[in-house]
Amino acid sequence: MRASSKKKVLVFDSGVGGLSVFQEIHQLLPHLDYFYLFDNEAYPYGELDQNVLISRVNQLVSALVAEHHIDIVVIACNTASTIVLPSLRDNLSVPVVGVVPAIKPASLLATQGVGLIATPATVTRQYTHELIRDFAQGKPVELLGSTRLVDMAEEKLRGESVPLDELKSILSPLCNKVDVAVLGCTHFPLIKNEIQQVLGSNVVLIDSGEAIARRVKALLSCGELEEKEEGIKRIFASAPPWQEDALNICLAKLGFNPVQIYRHLGVSDR
């Protein structure tokens, strides 16, 4: 009975990058029940038709919210956040929190320049350029879009080492140009240590994870909770994930059960 009274959080992404957001929320609020759902069948979202994306996310999230009586939804994906949040908020009766690149706090810290490391879809999206226009404080912003960094994060969670020489080559356009870098994809905090190693200790790395965690706490009105036991952690995928056994080893270290398959899509949305 006590377990059923816990607040339930759903973290959603197209891949496992949203686990970086889960970790921040869990660090602040360890006594909640956590559900993680990733739509790997349609990964990566940046290449998906917008209408298909809206339909998929709404169906998957709405089904899991209803089935598990979720109290708050976190869309831990920049692409989905910019495209799907309005319809999700219309369809759901629970709060929905999205992610945006942390341009404003980065610009307040920067003296030399800001680097935005994100996916190609994010760096070319109009919404991102509006964020830069409105919040960059006149600081120069260097844009770097990479899908390979996303793959590196996925591989790291499956026990593979991050190839530092390749990472250095990818990040080279930012070297000696910025003193603050925004990790503008939820995958990238998973390889934060490696990115820091390449860019150097003089570059400050910023992501949205802590801000999202504080927002979740505020929306759930979570004060000092009396509950001392940690909640459950369950993870679902829309299709069998690659290198599933290796992934499950990492997930177990985070307290999750092995990945379960979650199918709640119509034929037209596959």
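Backbone N, Cα and C define each Cβ position, glycine as well.
Summarising the annotation, Swiss-Prot assigns active site, proton donor/acceptor to Cys77, Cys185. Annotation comment: Swiss-Prot describes Asp13, Ser14, Tyr45, Gly46, Asn78, Thr79, Thr186, His187 as substrate binding site, evidence class sequence analysis.
Largest Cα to Cα distance within the recorded substrate binders Asp13, Ser14, Tyr45, Gly46, Asn78, Thr79, Thr186, His187: about 14 Å as a whole number. Neighbour counts of Cβ atoms within 10 Å were compared for the recorded positions Cys185, His187, and the top value is held by Cys185.
Gly46 (substrate binding site) carries a helical DSSP state (H, G or I). For Ser14 (substrate binding site), applying a Cβ distance below 8 Å and a minimum sequence separation of six or more within one chain yields Phe38, Asp39, Asn40, Ala42, Tyr43, Pro44, Tyr45, Cys77, Thr79, Ala80.
The substrate site, placed at the center of the C-beta atoms of Asp13, Ser14, Tyr45, Gly46, Asn78, Thr79, Thr186, His187, has further neighbours from the same chain whose C-beta lies within 8 angstroms: Gly15, Gly17, Gly18, Pro44, Ala76, Cys77, Ala80, Thr119, Val150, Cys185. Reduced to three states, the DSSP call for Ser14 (substrate binding site) is coil. Among the binding-site residues listed here, namely Asp13, Gly46, Asn78, Asn78 has its C-alpha nearest to that of Cys185 (active site, proton donor/acceptor). Here the Cβ of Gly46 (substrate binding site) has 22 other Cβ atoms within 10 Å, regardless of which shown protein chain they belong to. In sequence order, Asp13, Gly17, Gly18, Ser20, Val21, Ala76, Cys77, Asn78, Val99, Asp207, Ser208, Gly209 make up the list of same-chain residues 6 or more apart from Thr186 (substrate binding site) whose Cβ falls under 8 Å from its Cβ. According to DSSP, Asn78 (substrate binding site) is assigned to a helical segment. Here the recorded positions are Asp13, Tyr45, Cys77, Asn78, and the one with the most other Cβ atoms within 10 Å of its Cβ is Cys77.
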